[in-house]
Amino acid sequence: MINAPLHARQTLDLAGFRPQADARPVEWLISEAPVPYPDAVAAMESRAAAIAAGDAAELVWLLEHPPLYTSGTSGQSTDLLDPRFPLHTTGRGGQLTYHGPGQRVAYVMLDLKRRRPDVRAYVAALEQWIIATLDAFNVRGERRENRVGVWVARPDKGADHEDKIAAIGVRLKRWVSLHGIAINVEPDLSHFTAIVPCGISDPRYGVTSLVDLGLPVTMADADIALRAAFTEIFGATVDAPQVDPAVDAGARSPA
């Protein structure tokens with residue numbers, strides 16, 4: 001049974017995720033080259049600790065990874081069917097997923113103590129961020145209560161068929177968020193066949209991307225839409241003032 005959808009034009013109670021009046025804007029950083037997963041996690045955890053201590057601004061870090069799989073806290077080894085790429089065990093919630101070129105990963109480091117300390121509502125806010133981003137390309141993304149992430153209906157594939165276009169996995173440490181979202185812009189979708197994505201084996205539920213849906217969307221297009229939608233839900237952003245050596249030598253502030 002498919003749950004009632006929530007799409008971009010419906011309203012969620014997300015007002016609590018906007019920052020306090022005296023908060024600094026969220027810094028926005030983009031890495032051009034693929035970032036190795038262990039390096040990204042180490043940098044993310046370092047920045048999150050600085051945010052919790054009040055020594056750094058909140059940060060959204062956009063990047064791509066080289067091809068790899070990650071297993072969250074609910075991951076099952078049986079969901080790795082054909083290990084083609086390295087597998088990394090990680091502290092985020094969720095199960096097994098794929099990351100690689102053509103997929104936009106956004107690591108979101110927000111201080112929820114100063115926003116809204118509610119993990120379920122935070123995940124819903126991330127889903128709504130993705131849904132609003134997809135809406136910029138006239139793609140109707142939907143959320144499901146029993147399937148975290150964002151889905152698109154695929155009647156062309158059969159009745160009740162849906163494909164996942166974006167995944168979510170989060171962790172909180174001292175109420176600062178780690179990890180975040182991954183939107184499929186133009187990844188190699190065949191790489192998902194080596195796993196049971198997010199533990200969902202029902203053949204009605206697959207994986208798609210913006211390009212797979214027939215849209216000529218570039219990563220730069222996706223980044224612009226992500227930033228605009230983020231601002232509506234989480235508040236103002238500002239280009240990172242300089243490359244942060246704790247993040248990545250290949251990172252840049254948006255032009």
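Quick reminder: no glycine exception, Cβ is built from N, Cα and C everywhere.
Under the heading domain 'BPL/LPL catalytic', Swiss-Prot lists 54-238, citing sequence analysis as support. Here Swiss-Prot flags ARG92, GLY93, GLY94, GLN95, LEU96, THR97, TYR98, HIS99, ALA167, ILE168, GLY169, GLY180, ILE181, ALA182 as substrate binding site, drawing on sequence analysis. The annotation site 'Lowers pKa of active site Cys' is assigned in Swiss-Prot to LYS164 on the grounds of sequence analysis. What Swiss-Prot lists as active site, acyl-thioester intermediate is CYS198, and the listing cites sequence analysis.
Recorded features from Swiss-Prot, shown on the structure.
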| residue | record | Cβ neighbours (10 Å) |
| --- | --- | --- |
| ARG92 | substrate binding site | 19 |
| GLY94 | substrate binding site | 22 |
| LEU96 | substrate binding site | 23 |
| TYR98 | substrate binding site | 25 |
| LYS164 | site 'Lowers pKa of active site Cys' | 23 |
| ALA167 | substrate binding site | 26 |
| GLY169 | substrate binding site | 25 |
| ILE181 | substrate binding site | 24 |
Segment-level pLDDT (mean, integer) for the domain 'BPL/LPL catalytic' (54-238): 91
Cα separation, LYS164 (site 'Lowers pKa of active site Cys') to ARG92 (substrate binding site) (Å, whole number): 19
ARG92 (substrate binding site) - helix vs strand vs coil (DSSP): coil
